[in-house]
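Here the structure is laid out as structure tokens; the discussion comes afterwards.
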């Protein structure tokens, strides 16, 4: 297998440009036609008139980014199929969202998920801390979402990621800034179709090229790639069944139950029943796509079983493997490699656009309206949100340009984003499941979690970049390479590295959640716990509210009182301000 350079043709560039152009046109349509997104209610929530299926597809697109399309097959190729057990965690996640968290947000009618924290703890500082953590998380993730497709594009073109990233981000800023949530949801739906089409083509053409399903699974079995039941309890192992299921559940639930990017779309549909249906479709779609990506990882191993492109130096990181594979399989068919890359960029744009839109909403509702003495009209609020969207986009481009030589992007992404996921999940869980927790416990627990998990996560990444932490890949072969190559020995982990740095990335969110729950509960006890009688039952998760209702004679009027509390701003203003 000759390591010849595989590059795009004119048809591939045309397909890629057309996809970006369609996304831009959708934004221009919603930004320049009709009401032109002239109010913040329309710009951020689509006036609560969004339909179930587009919202569900948007949810899938928002969390199935280029990281999933490129990172998951590369991870399976290098480490085997144990990661696939994460679909069990996603299955349990859908029940948790629908029956533990979503009813709280819909009954209170908040605009921002972080507004809930002010209503629950009756203190603005909790809301501010949580909103700050969200913005911190988005500043981390948006550059990663953009870095991944630009890295892949660099592998199959002569275009440097340092030039493509600003250009693509500009398109995303334009259609998100102009069109608001409606543009985000409908471009997500279009981009998701492109993404799925590219997956199906890789699936079909790749399977044909290696000789069928039997060849794929035989090669995977002989290469030690088929593993689903590693029940080792050691948290230092990179991937185990417990890490994938429990850690995966905590990570995915932490994001999709309370993160504003999801809650914003749950609240954009008319009622709870529609939101629940969207969650079921979202979960099923995610499981289907992860299944496809897992198979493609095995497919790549079968194709490259005689000459590993990583060991041969044809590609620099495992996240470039799929782009190289596509050029080998589809390179002779004009336009198909371009369609694949369009799918990668579509997935990335979907994640970035919803992050920018949600971040603009958080800055508007949780910072400006919470602290500024000057109120904004609906039109001014829409302009403010659009300007914030653009500003964050350009900041993230600068951060992306600082990223170099990042390998195993799915590990890096889950490690760094798990910092916020675990802390946020713990903060909301503390409020919804512990009726005695107070605002002091919530703040101390969240800050402690953020500091500890940041220290562990950043320390682990620094050790990895220095080569002191390394998880050896499963064995590969280079005997079929032409010209012959000498395999380089795989690095090993330095035994002197602190064990806490070597805890699997899958447990990051779980650690953060546990710290918030323990520290927050202890601090609440020490500083004087809240009385459940002082809070509306609507602020607690339904099972907790049902238990509390037995001892509350006024519970029958509680739900009506919550509904009569008025607008979301009025609800938040009932909380004690600093």
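Glycine is no exception: its Cβ is also placed from the backbone N, Cα and C atoms.
According to TrEMBL, the protein has these features:
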- 13-32: transmembrane segment (TRANSMEM)
- 53-71: transmembrane segment (TRANSMEM)
- 83-105: transmembrane segment (TRANSMEM)
- 125-148: transmembrane segment (TRANSMEM)
- 160-181: transmembrane segment (TRANSMEM)
- 193-220: transmembrane segment (TRANSMEM)
- 240-258: transmembrane segment (TRANSMEM)
- 339-363: transmembrane segment (TRANSMEM)
- 383-401: transmembrane segment (TRANSMEM)
- 408-430: transmembrane segment (TRANSMEM)
- 442-463: transmembrane segment (TRANSMEM)
- 505-526: transmembrane segment (TRANSMEM)
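Between the transmembrane segment (442-463) and the listed ranges 53-71, 83-105, 193-220, 383-401, 505-526, the one holding the most Cβ pairs under 8 Å is 505-526. At the 8 Å Cβ cutoff, the transmembrane segment (160-181) and the transmembrane segment (125-148) share at least 3 close pairs (sequence separation 6 or more) and count as touching. Sequence-distant neighbours of the transmembrane segment (240-258) (same chain, 6+ residues past either end, Cβ-Cβ under 8 Å): 59, 63, 82-86, 88-90, 92-93, 96-97, 100-102, 113, 228-234, 279, 282, 414, 417-418, 421-422, 424-425, 427-428, 504, 506-510, 512-513.
With a threshold of 8 Å between CB atoms, the same-chain residues lying at least 6 positions outside the transmembrane segment (193-220) that come near it are 19, 61, 64, 69, 81, 226, 289, 292-293, 295-296, 298-303, 305, 322, 325-326, 329-330, 333, 336, 339-340, 342-344, 346-347, 350.
Long-range neighbours of the transmembrane segment (383-401) within the same chain, counting only residues 6 or more positions beyond its ends whose Cβ lies under 8 Å from a Cβ of the stretch, are 37, 40, 43-44, 138-139, 142-144, 146-147, 150, 162, 165-166, 169-170, 172-173, 176-178, 180, 352, 356-357, 359-361, 363-364, 368, 376. For the transmembrane segment (505-526), the list of distant contacts is 235, 238-239, 243-244, 246-248, 250-251, 254, 411, 414-415, 418-419, 421-423, 425-427, 429-430, 434, 436-438, 440-442, 444-446, 448-450, 452-453, 456-457, 460: same-chain residues at least six beyond its ends, Cβ to Cβ under 8 Å.
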